[in-house]
């Protein structure tokens, strides 16, 4: 068919009288020249079209994100070389959680890191690092809540120094450009603490996985195990790095720079002054029996009761039966029922500064993004001999 086309082309391009004078060898030579020329032109055209098609695809990657954090397929928005930055810059920080479906769809994004921040109460007798080794979200790093902490106090997992935090998360391979999704093994528990820690040190592109690992597994998504993986080595390196900082030594190269936000953390002295000044409404996330002083504290040597003037909203009231954060309207009801005005400043505390961050998470969903957490919480307050204590008995 190609040969016939070339002969027809010759018929129109070369005078018939001239064709009759050509020998068969010359005619064959002309046919070959025409064929080579035609094929070369076709190859150039095909190459151009392929390059143009790739460029159009690269310039029209169709992922954008709604304010709710759910992905939607829309029209072209970013070039392929800027796509890694596009993901978490476009994801809203107004809502502090993302769904397991969203994470599954974006798990392989180059600018997204996932952290397993599981931590458990001492009486639960669960080992978070062992559980991480058995099953975790693919690619997740392990964030040691007890390890990445202040080494100068006996209080549990207190906020580390800026230098210590920067050294530890740098050892984990985290950069300031990264978006972070934090989860834990209970649903929403200790992950909220790590969410708060990153925000304290100036990193806003951090979200809690709604429902955590239980929700992930219930949705049928894969987990992986790693008895001796790179992530375990990084977790160990993070603990060593922060230890070096507290010993006055230099840790490895920093990939994460901190910007401390002092308004998000309160000290014992600030809480003491607030009893008189009442600038902030104080909410305690512990259980009602512990708050009332009817139940003993899980740690020895800690008095029972609560800070005078504080109110009790146990952290489970922020969550539904599947351990996901309640919708905004339901959260408002929970705070209104306890007489908390969302128009006034709020301070949160708990036993050791973990579940207080769940209250802060719920308040963040309601637009209160500047809620401080009393870091020492009741473990510090109840252990002091000169701090006032109220009971409801």
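Yeah, the Cβs are placed from backbone N, Cα and C, and that goes for glycine too.
Automated prediction, rather than curation, is the source of TrEMBL annotations.
The transmembrane segment annotation in TrEMBL covers 27-49.
Positions annotated as domain 'Rhodanese' by TrEMBL: 108-225 (among others).
In the domain 'Rhodanese' (276-390), helix, strand and coil residues by DSSP number 36 helix, 16 strand, 63 coil. The domain 'Rhodanese' annotation in TrEMBL covers 276-390 (among others).
Under the heading compositional bias 'Basic and acidic residues', TrEMBL lists 279-291. For the compositional bias 'Basic and acidic residues' (279-291), the residues of the chain that approach it from at least six positions outside its boundaries are 271, 297, 304-307, 309-315, 338, 340-341, 344-351, 355-356, 358-359, 372, 378, 392, judged by C-beta separation under 8 angstroms.
If you look up TrEMBL, you'll see 279-307 marked as region 'Disordered'.
For the domain 'Rhodanese' (108-225), the number of residues in each DSSP class (helix H, G, I; strand E, B; coil) is 37 helix, 18 strand, 63 coil.
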